[in-house]
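Only one structure is covered here, and it is reproduced in the block below.
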Amino acid sequence: MLLLIISIFIIGFAILFLRPTKDSKYFKFLSILPFGLFLYFLQFIPEIQSAKKNLIFENQWIPSLGISLDFKIDGLSLLFSLLITGVGALIYFYASSYMSRDPYINRFYCYLTIFMGAMLGLVLSDNLISLFMFWELTSISSFFLIGFNTNNEDSRKSALWALSVTGLGGFFLLASFVMMNSITGTFSIQELFSQSEVLQSNYQYYVIIAFLFLGAFTKSAQFPFHFWLPGAMKAPTPVSAYLHSATMVKAGIYLLARFTPILSDGEVWNMVLMCVGGTTMVVGAFLSVFKVDMKSVLAYSTISALGILVFLIGIGTEIALLAASTFILVHALYKASFFMITGIVDHETHTRDLTVLSGLKKKLPIVAICAVIAALSSAGVPLTFGFISKEIIYGSTFDFDFWTYNSVLILTALVLITNVFLTSAGLLVGIRPFFGKLPEKFENIHKPDYKLWLPIVILSVFTLLFGAFPFIADQGIISAVTTSIYRSQITQELHLWHGWNTILLLSGATIVLGFILYFIIKPSHKTVEKFDSLNRIGPQNIISVIAENIKLFAFKYTRFFHNGYLRSYILFIIVFIIGIVGYKFFNDVTLKINTNDLSPFRIYEFVIFVLIISAIIVITFTQSRLTAIVSLGVVGLSICLIFVVYGAPDLAMTQFAIDTLTVVLFVLVLFKLPSFLKFSNTKNKIRDGIVSISFGILIALITLQALFYPSNKEVSKFYAENAYLLAKGKNVVNVILVDYRGIDTMIETVVLSIAAVGVLSILKYKSEDEETRE
Amino acid sequence: MELLLVILVGVLYSSGIYMMLRRSMVKLLIGIILLGNGVNILIFLMSGITKGKAPIIPADQTGFMGAYADPIPQALILTAIVISFALTAFALVLLKKAYTLTGTDDLDSLNIQDLDI
């Protein structure tokens, strides 16, 4: 299994070697890849039905961290794998015609293949970390697919939006996974099943599910993160059909379904999902009917469908989960079909505007039939698969007597409203462009080639097949899916006919109301504009304002701290040190002064001290460069005297030599320079004075405090005792420098020579300016 | 004497930082030198100062009999003095070059601000 997934990625990159225009007729054969995978996954259907054993493919990755590339096939992952590869095969086939004139078609297939591999990895992973890795990979590959039309600014922008929203969610998802791991000590999803109670009783439980929700909601475009999905419709239509109806957006649904048995506590988990899912499905469905662009209608109805799925998972009863599993399949079938139909219409007429399109059935008869089937399936008309799912969706809200009788009414009403609008939206896309009078300008449109319409026909056949004989889907896969979410054997089955009951009445009412709504609401650009103006207070706008301000803040922050002036960097660092060290010092240390061991000082020592201090004062305040340099010499030589008095003749010698050299060098180099200019004003001087004096006081206090503790003399003692015995030298300082630490001294010499070379080359270097001047 | 040296360290640090906060390049360099001196004295002080007992073994002996100054900080400071001279020399020449090219020792005039983002 690992080999399989990796080889998908390798094939993806190999596709790049195909030449876009010359090999364009071969691209349709690429659909063999997903189709072969589809057949491969089909063989697991009997296995998950009968054997009941877990199909696990174990691969070690980083065992010491508990990270593996284990893959596991159960009902849920199998359904998704079949959808990904099955719809994938159709899309690959479809795109070979749709994208045939694109100069970058090889890249397109590369991205698509990588996406497919990532998506398969995501649904098959049994390890949280590898799941997360594939999760991010789907976000990244979808970024490239959405932004495929790189010369279109809107397309680039939408891709960025999609990436940032899903990327943000992915970040929270990772946090959630890590927290689960820190509680249970495992990254394996199977092992988490048995730790469900441990997780739920932990105090971090609510944080974990909140983060998980953020990940799932951003990916599955739940309110208020839904806005990236309509934007993502800027992608080429095959991408919309694949990613944004059947696969990627359902990754969030997959995640929720996967973790329902582990994390569902029957209260908060379900409540949140029902609220968010409920809001999304109503808002999405409502907005969808007021759009003019076919793709926008589909985008919002997809959001609504995702809302329904989250809502059903939230209800969490056996029948609700069955409804959810069914609806995943139903929705994938009719929505992929819708998108591909839109693609054909767009391809042939070069518009997706519903106010313009009509009467296309004369020109595109096969497409029209498929469109009607998809529309009927989305409306839930009997004998389509949509009917079956609509029945049990109503069934699950009806069955839900969790709180009171009222909750049944509210939930059913919500679903009814959603379904009515969705029906109307489906009719808008499936019926409207094809019936009515054919405008003249569409008289001469050419017929789509078979690569475009064949996939839609296949999808329609499945819609009708499952609609007429629901037990095929049920026995085949749906019951296994439900079992893997519900975690116990299920008793419900899919039926075509449930008898005359309230649910059937609701289904009938949905269809009728949907048709009425379809005839009342005419698509017009004015309503679209009206809704667009509402967007100003929409979530997307709020987020962009926040993002803008963060950017502005970052800019100002950087400008403030990174302003290019050396002295302000020094100032910030010093103030920070004063703050943090001073805080620690005055809070935690009681000032003790060692008064016993102090050595007395003589009068001449005091004179040296006064000399240094006054020289420093002169340096600080003088206006003359020469005075400052001479005073610097005074400071250095006085320090030299201190070394003499306190038993450091070597230091005194070095200091004397170096200091003399320094002063000479200063004078040689700088004697021509004018005296100091007055750059800073008094206010700055006072500020700098305060900062530097408090820094000096802090250092002095710390020194004083450190003097209280005797220093460790062991190493010194070793050197002193062995200087003569081992190194045959009597001046211990010298022995240390040239013998014990000989290599250090050698390197120091090298540093000095490098400095000397640097000095020489700077002096020799003449810039062009100077040369011309000479 | 320790107290005097502590005060000296404080004053050297203060004046060093103050000079480094000026705009003039020469003052910046003087500040660095002062700060370096401050650090040297600090290291010297920390190991405990001993009057007049250089860490030199008397000619007729093979080891120390009485008290002696700590040799390690002395070795450290010696290195520091030499290295800081290399720094000073290099910086001075650089400064001279900058002065001949720009005609000023104002640090700000050397700034080329990055373009606005």
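Cβ coordinates come from backbone N, Cα and C, glycine included.
TrEMBL annotations: computationally assigned, not manually curated.
Model, not experiment: these values are computed from the prediction.
Listed in TrEMBL for this protein:
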type	residues	note
TRANSMEM	A:6-21	transmembrane segment
TRANSMEM	A:26-45	transmembrane segment
DOMAIN	A:62-109	domain 'NADH-Ubiquinone oxidoreductase (complex I) chain 5 N-terminal'
TRANSMEM	A:75-96	transmembrane segment
TRANSMEM	A:108-125	transmembrane segment
DOMAIN	A:125-408	domain 'NADH:quinone oxidoreductase/Mrp antiporter transmembrane'
TRANSMEM	A:131-148	transmembrane segment
TRANSMEM	A:160-183	transmembrane segment
TRANSMEM	A:203-227	transmembrane segment
TRANSMEM	A:239-257	transmembrane segment
TRANSMEM	A:366-388	transmembrane segment
TRANSMEM	A:603-621	transmembrane segment
DOMAIN	A:610-674	domain 'MrpA C-terminal/MbhD'
TRANSMEM	A:628-648	transmembrane segment
DOMAIN	A:685-764	domain 'MrpA C-terminal/MbhE'
TRANSMEM	A:689-709	transmembrane segment
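Long-range contacts of the transmembrane segment (A:689-709) within the same chain, counting only residues at least 6 positions beyond its ends with a Cβ under 8 Å from a Cβ of the stretch, are 571, 574-575, 577-578, 581-582, 585, 589, 591-594. Simply put, out of A:26-45, A:108-125, A:131-148, A:203-227, A:366-388, A:26-45 has the most Cβ pairs sitting under 8 Å from the transmembrane segment (A:75-96). Only residues 6 or more beyond the boundaries of the transmembrane segment (A:203-227), in the same chain, are considered here, and those with a CB under 8 A from a CB of the stretch are 135, 139, 161, 165-166, 168-170, 172-173, 175-176, 179-180, 183, 248-253, 255-256, 259, 263, 265, 268-269, 272-273, 276-277, 279-280, 283-284, 302-303, 306-307, 309-310, 538-540. Remote same-chain residues near the transmembrane segment (A:131-148) are listed as 104, 107-108, 111-112, 114-115, 117-119, 121-122, 125, 155-156, 158-160, 162-163, 166-167, 170, 173-174, 177, 189, 215, 219, 231-232, 234-236, 239, 243, 248, 251 (criterion: CB distance under 8 Å, separation of at least six residues from the stretch ends). Here the domain 'NADH-Ubiquinone oxidoreductase (complex I) chain 5 N-terminal' (A:62-109) has, by DSSP, the following mix of helix, strand and coil residues: 32 helix, 6 strand, 10 coil. Mean pLDDT for the domain 'NADH-Ubiquinone oxidoreductase (complex I) chain 5 N-terminal' (A:62-109) in this predicted model: 87. Same-chain neighbours of the transmembrane segment (A:6-21): 27, 30, 33, 37, 102-107, 109-114, 116-117, 120, counting only residues six or more beyond its ends whose CB sits under 8 Å from a CB of the stretch.
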